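What Swiss-Prot says about this one:
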- Ser154: active site, nucleophile (ACT_SITE)
- Asp215: active site, charge relay system (ACT_SITE)
- His268: active site, charge relay system (ACT_SITE)
- Asp98, Tyr101, His268: substrate binding site (BINDING)
- Cys50-Cys279: disulfide bond (DISULFID)
- Cys112-Cys115: disulfide bond (DISULFID)
- Cys248-Cys255: disulfide bond (DISULFID)
- Asn100: N-linked glycosylation site (CARBOHYD)
- 1-21: signal peptide (SIGNAL)
Amino acid sequence: MKQFSAKYALILLATAGQALAASTQGISEDLYNRLVEMATISQAAYADLCNIPSTIIKGEKIYNAQTDINGWILRDDTSKEIITVFRGTGSDTNLQLDTNYTLTPFDTLPQCNDCEVHGGYYIGWISVQDQVESLVKQQASQYPDYALTVTGHSLGASMAALTAAQLSATYDNVRLYTFGEPRSGNQAFASYMNDAFQVSSPETTQYFRVTHSNDGIPNLPPADEGYAHGGVEYWSVDPYSAQNTFVCTGDEVQCCEAQGGQGVNDAHTTYFGMTSGACTW
């Protein structure tokens, strides 16, 4: 599988014309470490949260047998946050959700005007909505000064996006970190997320959409089927580092999506050197 180096990325962006103005190379070490921490949790979700950071307390499991949606409620008393994480695709049942591209009204969030979301992931969301909202409410009531963080990889990333959208209608302090996220909804949904999560600037955003090299999943479902991405994109190229992370705030096809990757490839399963469920970090 072809890997994209930082040098190659710079050459590519240098030829991207106007898109280059909306892409900058390098992020702070603090932000980079934060992205790696959330990626660790998201990748560990494939293996029952193996090797998660020592400060994190594992809480209640989220699960629905019909959709095979898996997740957990976690807590970190050091960073003062309640974390909801969703596992990515782990079964044929999940794959059926992945391939249901029918855009569906986001009826559980009427504030999201004209919003339509990925049909399969919406089925996944409504299958666990009651569990998620109940468990988050319990934790938020017990720890009212804690931030709410939602994260996940692949299918788990889109589940995280729908969950964060729903929680943002009730709570003010919701943050979203996704890794290899498919397009989760239409332009109205992307616009709602951008407004709700202050995506107008990397300095204010609370929606960190992390991509890697030529990961093919962010190119799905196709934009010409009515789908769009939200969030500020943080594009990691190899060798991964804070300096080799690009901040992409313009056209969504300028960074990862411009590499032409399609579907599950090496760049999708591995983020910051961590492979989904491998637990070798």
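Using the three backbone atoms N, Cα and C, a Cβ is placed for every residue, glycine included.
When the record's substrate-binding residues Asp98, Tyr101, His268 are compared pairwise by CA position, the greatest distance found is 19 Å. DSSP assigns the residue listed as 'active site, nucleophile' to coil, not to a helix or a strand.
Its Cβ taken as reference, Cys279 (disulfide bond) is surrounded by 16 other Cβ atoms within 10 Å in the chains shown.
Cβ neighbours within 10 Å of Cys115 (disulfide bond), excluding its own Cβ and spanning all shown chains: 23. By the criterion of other Cβ atoms within 10 Å of the residue's own Cβ, the least surrounded of the recorded positions Asn100, Ser154 is Asn100. Remark: Cys112 (disulfide bond) has Phe106, Ala165, Ala188, Phe189, Tyr192 as non-local neighbours, by Cβ distance under 8 Å and separation of at least 6 in sequence. Rounded to the nearest whole angstrom, the C-alpha distance between Asp98 (substrate binding site) and the residue listed as 'active site, nucleophile' is 9.
Of the disulfide-bonded residues Cys50, Cys248, Cys248 has the largest number of other Cβ atoms within 10 Å of its own Cβ.
When secondary structure is read from DSSP and collapsed to three states, Cys255 (disulfide bond) falls in the coil class.
Within 10 Å of the Cβ of Cys255 (disulfide bond) there are 27 other Cβ atoms, across all protein chains. Classification of His268 (active site, charge relay system) by DSSP places it within a helix. For the recorded positions shown (Asp98, Asp215), fewest C-beta neighbours within 10 angstroms: Asp98. Tyr101 (substrate binding site) has a Cβ environment of 16 other Cβ atoms inside 10 Å.
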